[in-house]
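For reference, the structure is listed below as structure tokens.
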Amino acid sequence: MLTQLKAKSEGKLAKQICKVVLDHFEKQYSKELGDAWNTVREILTSPWCWQYAVLLNRFSYPFELEKDLHLKGYHTLFQGSLPNYPKSMKCYLSRTPGRIPSERHQIGNLKKYYLLNAASLLPVLALELRDGEKVLDLCAAPGGKSIALLQCACPGYLHCNEYDSLRLKWLRQTLESFIPQPLINVIKVSELDGREMGDAQPEMFDKVLVDAPCSNDRSWLFSSDSQKASCRISQRRNLPLLQIELLRSAIKALRPGGILVYSTCTLSKAENQDVISEILNSHSNIMPMDIKGIARTCSHNFTFAPTGQECGLLVIPDKGKAWGPMYVAKLKKSWSTGKW
């Protein structure tokens, strides 16, 4: 009976895959990823294989849930493997697919956990946030990375920006659901075009996260409207220009000596390595930071594809490690004057 249900479910899900998008990915990623694309494609087109990590909220700690996760065979992510891993961040994963139910938003009640793709914590950890620092989350909605940053440390000031008005509402609700009122007071939420932030707040921030708008490979594959999907694919070539402009703005907003992390949830080289190469080639005051150590210490939880960059990592979905896609690059602003 279970086999029949699974087969029926798989058949239904398979029909929802957008052929226009899959064909486009097939051409691009078979070139960029080589043989690894076969496994990646299999995972991306099989939502029943996807995994969800459970990030516990330190401001409303779920001790009973934590016990239950242990009983169900969940294990903690990163702890013991990364030297700078914040003890206040607790994230649990299962080695098997499935997810626990999401919590509903209730005004006045803090949620106890946040469900996420575990690879999305890598940009947050790469930022190495410290208590008291001023931090900018330039493209913050829906808010998962802002929530994760606040599990790591208590910044002196956190600026969460989101240009899209609908996503901005989602961001506000996420923050309200997870963060206690005293800490909300050190968070500013704005609706600026991220490309203008650098001019509006020059050299204001110690750390900047640019989780850029990108061609989200997982969601694009399940576009129900083929016409819209075709339109998205044609617009895809414009995304690197937007991403570069956002990074240039972020660099202006970053103080000298500060750290910038860039991330996307796409496999696309044009939106990942090529964007970072363009920034490094055009800004003499931006230095790459080696983050290969993360790949070495986290290979038991994630599969990494070669990027050809010391400052860039690419997590690709794999069997039993269905996390990603997630690209992360870490940069530092030096004290010298850069080219614009």
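Heads up, the Cβ atoms here are built off N, Cα and C, so glycines get one too.
Now, the feature entries from TrEMBL:
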type	residues	note
ACT_SITE	C265	active site, nucleophile
BINDING	C139, A140, A141, P142, G143, G144, K145, E162, D193, D211	S-adenosyl-L-methionine binding site
DOMAIN	44-334	domain 'SAM-dependent MTase RsmB/NOP-type'
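Distribution of TrEMBL features across the structure.
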residue : record                               : Cβ neighbours (10 Å)
C139    : S-adenosyl-L-methionine binding site : 22
A141    : S-adenosyl-L-methionine binding site : 24
G143    : S-adenosyl-L-methionine binding site : 25
K145    : S-adenosyl-L-methionine binding site : 23
D193    : S-adenosyl-L-methionine binding site : 12
C265    : active site, nucleophile             : 21
Cα-to-Cα gap, D193 (S-adenosyl-L-methionine binding site) vs the residue listed as 'active site, nucleophile', nearest whole Å: 21
Rounded Cα separation (Å) that holds between C265 (active site, nucleophile) and G143 (S-adenosyl-L-methionine binding site): 15
